[in-house]
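For reference, TrEMBL has these:
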{"type": "SIGNAL", "residues": "A:1-33", "note": "signal peptide"}
{"type": "TRANSMEM", "residues": "A:78-98", "note": "transmembrane segment"}
{"type": "DOMAIN", "residues": "A:89-482", "note": "domain 'Cation/H+ exchanger transmembrane'"}
{"type": "TRANSMEM", "residues": "A:105-128", "note": "transmembrane segment"}
{"type": "TRANSMEM", "residues": "A:140-157", "note": "transmembrane segment"}
{"type": "TRANSMEM", "residues": "A:169-191", "note": "transmembrane segment"}
{"type": "TRANSMEM", "residues": "A:235-259", "note": "transmembrane segment"}
{"type": "TRANSMEM", "residues": "A:271-299", "note": "transmembrane segment"}
{"type": "TRANSMEM", "residues": "A:319-341", "note": "transmembrane segment"}
{"type": "TRANSMEM", "residues": "A:362-385", "note": "transmembrane segment"}
{"type": "TRANSMEM", "residues": "A:391-412", "note": "transmembrane segment"}
{"type": "TRANSMEM", "residues": "A:432-453", "note": "transmembrane segment"}
{"type": "TRANSMEM", "residues": "A:459-482", "note": "transmembrane segment"}
{"type": "DOMAIN", "residues": "A:576-680", "note": "domain 'Sodium/hydrogen exchanger regulatory region'"}
{"type": "COMPBIAS", "residues": "A:699-710", "note": "compositional bias 'Low complexity'"}
{"type": "COMPBIAS", "residues": "A:755-770", "note": "compositional bias 'Basic residues'"}
{"type": "COMPBIAS", "residues": "A:811-826", "note": "compositional bias 'Low complexity'"}
Amino acid sequence: MERFTLLRMRTNSGVICMIFVLFLCCTTGKCKLQETKPTNSVSLDTVKPYPNDIGEPQPYPEEEKGKLPVFTMNYSRIQIPFEFTLWILLASFSKIGFHIYHKITIWIPESCLLIGIGLIVGGIMYSVKEEPPAVLSSDVFFLYMLPPIVLENGYFMPTRPFFENVGTVLWYTVVGTLWNSIGIGLSLFAICQFEVFDLQDINLQENLLFASIISAVDPVAALNVFEDVGINEQIYIVIFGEGLFSDAVTVVLYSMFAFLANMPAIDSEDVFLGVARFFVVGIGGVLFGLLFGFMAAFTSRFTNRVREIEPLFIFMFSYLAYLVAELFAISSVMAIIICAITMKYYVEENVSQRSCTTIRHVVKMLATISETLIFFFLGVVTITTVHEWNWAYILFTLLFAFLWRGLGILVLTQIINPFRTIQFNLKDQFGLAYGGLRGAICFALVFTLGDTINRRNLFVTASVAIIIFTVFIQGISIRPIIEYIKIRKTNKDLNTINVTIHTRTMEHLLCGIDDLCGQWGHYYWKDKFKRFNDRFLRRILLRDRKAESSIVSMYKKLELQNAIELLDTTMGDISAAPSLLSLQDEKKEASRPKKKFKATDIKKMHDILSKNMYRIRQRTTAFTSKHSLPDDSQTREILIRRHASIRRSLRAESFREQPAQNISKSLRYYSLQPGGNLDSALPLRRRSHAIPEVDRLRSSGVSPRSSSRSLIPMSKLNTIEERRSPVEASVDSTHPLEPSSTEDHLDEVFTGSRVRGRRAPVPAARRRGPNRVDEDEDENVSEGQGEERHLPPRGWAPENRDLGANEAGNSLLRPSSLRSQRSWKT
Amino acid sequence: MGSSRSSLRGVPDGQQLLQETGCEPERSGRLGWFCLGLRSEDLEAELSENPIGDRIVGAFFQPGQETVDFPSFVRVLAHFRPTEKNWTRDGVQPEPANSRNRKLKFAFQLYDQDRDGKISRTELLQVLREMLGLQVTEEQLQSIAERAIQEADLDRDDAICFDEFRKSLEKVDIDHKMSVRFLE
C-alpha cells in the first residue's frame, strides 16, 4: 500500500515536472512574440520629444514627458542570456523527469529522451510559428560547446586499460573512421551518378565531407548497455576509446574535406598533402596537449596557498590547449584530451580534496550541459528547419553506414587479432559494430556546414535521419540483442545456492587471473615509464614527493572519511563483531538442531545473492557512465572491508606467539591500491609505484595499513608497551634501521592513540545490537591482560598470514592524520 | 617488446616446465619479465578491487614462501588453460594442470585456507562475507551458509569436503568458467 502511494506521488511529481517543462517552452516561445510590443512603447516615448523641438504639434506633451515608468519590460536586453538559461533549465528539468522513472533509463538511452524532449519543444515552437534561437553557429559550437565534452572524455578516461589497449583503440578509431568515411563517401558518390535519383550535382568532395561527418560515433548508449550486461573489458575499452578519439579524427577529417570541398579540383598531390596533414595534425595535437598538461601540473605544485582557485587552473590550461591548437589549425580535440590525461595524475596529487571534487563535478557538469544542449537543439531543429528529403540518398546513407561499419569492424579485427592476447570473436565484433551510434558531434558538424555547399539542407536532413535512427532504433534494441546473443544457459532459480556462490567465486577468480595476466604482459614498458616517472616527472611536478603524498595520504583521507562517516551513517562496524558472532555460533551450532528451510526462504536467499554479490569488472564501469559521476561504492566497500579484516587479524595475531617466518611474510600485504575513486576525494592511483613507496614507508616506520573503524583495544597501556618489542623486532628484522627512530615514532603513535583511544560511538548501530559491543570490550580487555584466549583457529586461519606483529599498524595512521588535520585548511 | 622474445633459454628448467604445464615459455614469456621473484604486494596491487583478491594471491605462494618465481607462477597459471578434450586418464602421466579436477581443486583451495581438506562453515561464511555487499545482515549470511552446507554436505560432518564440492558442481561447465582464452 505504501509503495502504491509512493508510486503515485512519484508519478504526480513526474507529471508536474513535465507540465512545468512544457510551460517553460511556451513562455519561451511567447516571449518572442511579445517582445516587439514593449520596445515599441519605449521607443515611442523617447521619440516624441524630438518632434517637440522641431515645433510640430503633439498631443499632451506634458503628460508624456515627466512620467516615471513604474513598470517596464525590456526583453531585448536580456534576451540572449535569458533564453540560454531557460534552455539549460529545461534540459535539466527533463533530466530530473527521466530519472524519476528509473526504469525508463534502463530501456531507453538518455540521448533518446533528450532528443524526444527536443522534438516536443520544437513542435511547440513550430506551432507558435517561432524560430529556434540561432545560437548554433560554427564558432559557438567549436569554441564553446565542443571543449567541455571532450575535456570530460579525456578527464574521466581510465588510463590503465586504455594504455594497455592503445594500439587497438587507435587502430579501430583512426583506420576505422577513415575506412568508414572513404567507403561511405565513395559509395554515395557512385549512387549519385544515377540520374534517376536527381543527385548529380553533389560532387565527390561533398560526398566525402558528408561521409566524414556521419562517421563520428558516439557510443554512450552502447556503453551503458555493455556495462550492465557485463561485457568484457576489452570490448568496453575499445568502444570507449573509439568514442573518445573518433571525435578527434572526425573533426580533422571534416576540416580537411571542407577545405577540399571548396577547391575546384583535386589532384594526387593534394591527396598526398592531405595524408601528411593528417599526421601533422594528430601528432601536433598530442604534443600541444602534453605541453599544456605539464604546465598545468607544474603550476598546481605551487597552489597550496590559493586553494580556492585551483580548479581554475585546470580549466584554463585545458581550454588554452584547445585554443592554441585551434590557432595552428591542428587537432584541438586531441590536444585537450591529451592535456586532460596528462595533468590529471599529477594535479590530483597536488590539489586539495575539495578542489579535486570541484574539478570533477564541474567537468561533468559542463559536459552534460553541452551535450544536452546539442541534443535538444537537434530535436528542435528537426522540426523547425527547412528539410530536403530525398528518399534515395537517405536510405542509401543508412544502408552504407551499416554496411561499411560492419565490414570495417570485420576486416580490422581480422588484421589486428593476431597481435592481441585476448582476441575478439564474432559476438564481440557484432557488439562493436552494432554499438556504433551517431550522436551530438555529427549533428553539430553538419549544422555548421557553410552555405557554399549547395545541398546543405539535404545533408542536414540525412544526418538528422541517421542520428535519430541510430539513437532510437539501435539504442533501444541493443540491450535485448546483446542479452540475447549471450544468453544464459541456466535459470538461476534452478541453481542451488552452492552453485551460485561457487560460480561467482570462480568468476572473481578468473577476473583476478585475467588481471594478473594482463598486467604482466605490459610490465616492461610500464616499468620503464614508472622509473622515468619517479625519477624525473614526479620530482618536478609534485609538491611533496615524500611517502606522505601517495599511499599514506590516501589512507589519511580514508581515515578522515571513515571518521566522518562513523558520525553520519549507521553502517556499523563490520570488523570485530562478525567474527565474534561466528565464534559464538560455532559453539552454538553443535547444539542447535538443523534448521529446515522453506522454499520461500530459499527463493529469498537467491534474491539476496543475486542482488548483493559484488559484480566483477566493476572497474571499467566506474569511469564510463557518461551522465553520472563514477560510482565507487562497491569498491569502497571491498576496500574498507579488507582494511577491517586485516586489522582484525592484526589484533588477533598480536596476542599469539609468532613463528619467525610469519613475520617476514606478514609485511606482505600493502595492497589497497584503490582502483576506483573513493568518493571522489581520493585521487586515482592505479600505478604500481606502491612498491618503492612502500619501502619508503617501511623505513619511516609507518605501516601503510589503516582503518580506524574497528574498536581499538586501548585499555591497558602496559600491555601495548609489552608488545612493542615484538613490533620493533619485526620492523627491525626486515629493515636495518636505527631502532631509535622507529621507537620515537611508535612512542608518538601510542601516546597519540591513547589520547584518541575512545571507542567508536556505540550508536553505530550494529546489526547485532549493543550487547555485542560489551562482549567485544570484555574480550579485548581480557586479551589485553595477556590471557591466552583461545580463538578458534579456523576462524582466523585466512588471516594468519597477515601481519600480527605490527599491530601498531592500525594506529600508526593517527599521528599522520593528526598532522594532516593541521595542514588541511578545509 | 623484448619480453615476447624470451625463449626457453632464459627460463630455468624450461623444458620441464613445458612438459609439466603445457605452456610454452615463449608464449607465456609475454606475461613476464621476471628477473627476480614477484612479491605478493605486486600481485595484490593488481587485485585490490577483487573481493577475493588476497585469496587469489595467496594461492600463488607456497606456505613459507615470500616470493614467487617464474616457474611457480606459470604452474599456477597452467590451471587456467582450457581443458583438452582428448586427454584420457591412463594412469601413467600425471594429471595435467588444467584438467577439470585440478581446476576444481584450485577453486576449493581458495575456500579452504587452512588446508584441512574441508570447507567449514566459518570458512564459507568468510568467503560469503567478502563477496556480498554490506546490506546483507548477519542472519541472512548465516542462513545462506547453512543452506549451502545442507545442500552439499552428504556425510553430515557439517563441512564440505572436496568430493562433495565436486559433486555439487557437476552440472557446471567448469572449463568455460575457469579458463583464460589466451593461454593456449
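Just so it is clear, glycine is given a Cβ too, placed from its N, Cα and C backbone atoms.
Here the transmembrane segment (A:459-482) does not touch the transmembrane segment (A:140-157). Their Cβ atoms form fewer than 3 pairs under 8 Å, with each pair 6 or more residues apart. Only pairs six or more apart in sequence are counted, and the transmembrane segment (A:235-259) with the transmembrane segment (A:140-157) gives three or more Cβ pairs under 8 Å, enough to call it a contact. By the Cβ criterion (under 8 Å, sequence separation of 6 or more), the transmembrane segment (A:78-98) is in contact with the transmembrane segment (A:362-385), since 3+ such pairs are found.
Along the domain 'Sodium/hydrogen exchanger regulatory region' (A:576-680), the predicted structure has mean pLDDT 53. Residues 142-143, 146-147, 150-151, 153-155, 157, 159, 244-245, 247-248, 251-252, 255, 280-282, 284-286, 288-293, 296 of the same chain sit 6 or more residues outside the transmembrane segment (A:319-341) yet have a Cβ under 8 Å from a Cβ within it.
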